[in-house]
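Here TrEMBL flags HIS257 as active site, proton acceptor. The glyoxylate binding site feature in TrEMBL is assigned to TYR25, ARG165, HIS257, ARG260. Annotation source TrEMBL lists FMN binding site at 78-80, SER107, GLN128, TYR130, THR156, LYS233, SER255, 288-292, 311-312. As annotated by TrEMBL, domain 'FMN hydroxy acid dehydrogenase' applies to 1-362.
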Amino acid sequence: MEEITNVMEYEEIARQKLPKMVYDYYASGAEDQWTLKENRNAFSRILFRPRILVDVSNIDMTTTVLGFNISMPIMIAPTAMQKMAHPDGENATARAASAADTIMTLSSWATSSVEEVASTGPGIRFFQLYVYKDRNVVAQLVRRAERAGFKAIALTVDTPRLGRREADIKNRFALPPNLTLKNFEGLDLGKMTVDKTSDSGLASYVAGQVDQTLSWKDVKWLQTITSLPILVKGVLTAEDAKLAVQNGAAGIIVSNHGARQLDYVPATITALEEVVKAAQGRVPVFLDGGVRRGTDVFKALALGASGVFIGRPVLFSLAADGEAGVRKVLQMLRDELELTMALSGCTSLKEITRSHIATDWDPPRSLPSSKL
């Protein structure tokens, strides 16, 4: 493999290596895929206002998330069924995150269980959760995550129904027969009766069991069954940011589900600032969606994010080169963020401010009037 110089290059390698059905499942967005493109394009409409003649010989990228110390504000988002990308799947991703001293979020639709991921060694891990019609199933998943040492719940709230991903319809997407949703094995599925003859039957059935009645009262209920902090993932408006804070969320993830749910919602980087303002510093706000460069991370931090989560770059690098690929993606983003900070005149994350960027939605800057 020739020298990989940026995160985007892994996507083409993954496209060549993976079966079309799997690549399309990872890569595609909802309907017209306008938001999928916009998640990337919106970053290009934010420009830097670098400060010069600052001593940048020492740069500190460390931060804390929910009280946990990590090496950089770049974490791993939950993405489903990683063993479709590589036989080591989520276990490889967990090891890469741990080696980079950052946080991995495990999808509840993972092809490795919380116990398997925990057995890969030490690391700070969050568990992504959907709420199912059978709340007993939810309680069992949460208890297993707690026992396996997971440190927070990322509650996905933008999926009362699955978005319409036309590539998956065309490809008749199904989980390959050799794989299964490991977190549902050994659960008492109670009312969730399912044809056990096919694991892909389980996958489609589980997706169909997501509860469409999910509301803020369920966020409150979740706090009664776990002491883990709850991140509300899928917030795009100031109104919902305020409700998240009022309902006891420990943090907010500005996310449009990788543009896989409702098309024509804004890019997450565009929605970020109004959510940050509404949160008023009471809880940390994070961002996922479209992050492919260290410059993107800096822009998110300048707009008030406490950190970012990356999804597809993990899947594509995992497909291309397993654990080594994921490690390389995290290292490249880290190096690019450090360089961006140096060239912008910032030596720590707290020095990155709104004044370091200009957006196309900013009011024009008034120039100081010259003294006549």
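Here, residue 1 is simply the first one shown, and the rest follow in order.
Using the three backbone atoms N, Cα and C, a Cβ is placed for every residue, glycine included.
Here GLY289 (FMN binding site) is positioned 7 angstrom away from HIS257 (active site, proton acceptor), judged by their C-alpha atoms.
Around the Cβ of PRO78 (FMN binding site), 25 further Cβ atoms fall within 10 Å across all displayed protein chains. Counting other C-beta atoms within 10 Å of each candidate's C-beta, the binding-site residues GLY289, GLY311 are led by GLY289.
Residue pair GLY289 (FMN binding site) / ARG260 (glyoxylate binding site) shows a Cα separation of 10 Å. Surrounding the centroid of the Cβ atoms of TYR25, ARG165, HIS257, ARG260, where the record places glyoxylate, the chain contributes additional residues within 8 Å, namely SER28, GLY29, ALA30, LEU162, GLY163, ASP168, GLY258, ALA259, GLN261.
Within the set of binding-site residues TYR25, ARG165, ARG260, the entry lying nearest in space to ALA80 (FMN binding site) is TYR25 (CA atoms).
Spread of the glyoxylate binding residues is 13 Å (greatest Cα-Cα distance among TYR25, ARG165, HIS257, ARG260). In sequence order, SER28, GLY29, ALA30, LEU36, GLY163, ARG165 are the residues near ARG260 (glyoxylate binding site), counting only same-chain partners six or more apart with C-beta under 8 A. Sparsest Cβ environment among the recorded positions ALA80, HIS257 (other Cβ atoms counted within 10 Å): ALA80. Neighbour list (TYR25 (glyoxylate binding site), Cβ cut-off 8 Å, at least 6 residues apart, same chain): MET81, MET84, ARG165, ALA167, ASP168, ASN171, PHE173.
Within the model, the domain 'FMN hydroxy acid dehydrogenase' (1-362) shows a mean pLDDT value of 94, rounded to a whole number.
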